[in-house]
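Following: one structure in structure tokens, then a few remarks.
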Amino acid sequence: MDYLPIFCQLQHKACLLVGGGEIAERKARLLLDAGAALTVNACSFTPQFHEWAALGRLTLAAGEFSAELLAEKWLVIAATDRVEVNALVYQCANQQRVFCNVVDDPKRASFIMPSIIDRSPIMVAVSSGGKAPVLARLLREKLEAVLPQHLGKLAQLGGSLRQRVKKHFSDIGSRRRFWEKLFAHDRLAQSLANNDVALAERQIEQLFSHQPQECGEVVLVGAGPGDAGLLTLKGLQQIQQADVVVYDRLVSDEIMTLVRRDAERIFVGKRAGHHCVPQEQINQILLQQAQLGKRVVRLKGGDPFIFGRGGEELETLADANIPFSVVPGITAASGCSAYSGIPLTHRDHAQSVRLVTGHAKSDGGLDWSTLAAGQQTLVFYMGLTQAADIQRQLIAHGMPAATPVALVENGTSCRQRVIEGELSQLGTLALQAASPSLIIVGSVVSLRSKLNWFSSQEPSQPLAQMA
């Protein structure tokens, strides 16, 4: 860690800004917002500085910089377009042990200014240590889009309720659940955003008067196909609020690192032909944990309602009157095809797409004549062990043996591998692939050579050494 991130209390503290141009103006806004007693030194000033001075918000010190201006100052920012002046400010500040920042010159700075997301009292600072300021700005823009504007009001509300919550709830677990409900209360957040104080107060009282929940709840969350970046925002929120996370082997390690640290983790991994934990037992685990009053997340790879047996698990909960909800995820067909450069539909190749399980019930025969029809894309989930039979059935029902096919192994991850060939080779190709793999059949596979964009190869040496 090159820099220690700290938040400074500048209310009424004497600060100096050297520079009177547009860049200095931006720094002045930050210092004024933080309540600094600001003096600005420059030979000339933008109209905005004169306006602030007229309002009594800052003091202008016209003329060249001199070390005397640093007397009794808490910090200084040098923001001129003259390198020699900025260097002099830094030198004098060091001699007088005053914190100094030189704009766009981190080597001449005892502190640097991060990109800031201001939702006071919630503050988020993003810094690259001066190495990639544009990247820091882009990250700030992404966070700005995610964090609602009323977040500050919500934090202020939380601060005002701390003592009451401490008296009302005797144990830490109850307090934590109250705070999670308060901060996740969509209608309360909307009331604050609308400045509807009366409604917000009623909603808060309802939270305090709410009787302890005898029964917990289960949230079925789709983790997506592998890349942690494909986990939905709502899915992330749920796994960070869970008391218990029940997950299988298709959930990547990267996603599991996002789970709340003190949550209990129950692994129920399954493989085709070998069920580590029987489905009925998984259903009972969900039921029992919810009956203990816990917030349970059933985390599944892909989308839980597409060959994820999510419906079966929810039926058990519904029969027992356990509250549940579903957060959909990006299914493997969508994620793997996108990361392989294979569009599932295309005006010149496929007007429909069919998602097919390679492990249908023994009495659930597939309509192979329909599957073998042209102008469509077939995606087989869990089809490796049945690949030879899939090949035989499709060719027997009229699909050309030369139809392009692709097997996507560990799709969307850094270990992704794509094996291409023709339908007549599918059974043999499957022997080269490992689970989890997805089989894509159709002429859209031929577009991969032109549309592939994702490189699954990790760099063999640090990027810094390549530069």
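Every residue gets a Cβ built from N, Cα and C, even glycine.
Each residue in the region 'Precorrin-2 dehydrogenase /sirohydrochlorin ferrochelatase' (1-204) has a pLDDT score, and their mean in this model is 91. According to Swiss-Prot, the region 'Precorrin-2 dehydrogenase /sirohydrochlorin ferrochelatase' annotation covers 1-204.
What Swiss-Prot lists as phosphoserine is Ser128. Taking the Cβ of Ser128 (phosphoserine) as reference, residues of its chain lying under 8 Å away and at least six apart in sequence are, in sequence order, Leu135, Ala136.
Taken from Swiss-Prot, the feature region 'Uroporphyrinogen-III C-methyltransferase' covers 216-467.
Residues annotated as active site, proton acceptor in Swiss-Prot: Asp248. A 10 Å cutoff on Cβ-Cβ distances gives Asp248 (active site, proton acceptor) a total of 20 other Cβ atoms nearby, all chains included.
Marked as active site, proton donor by Swiss-Prot on the basis of sequence analysis: Lys270.
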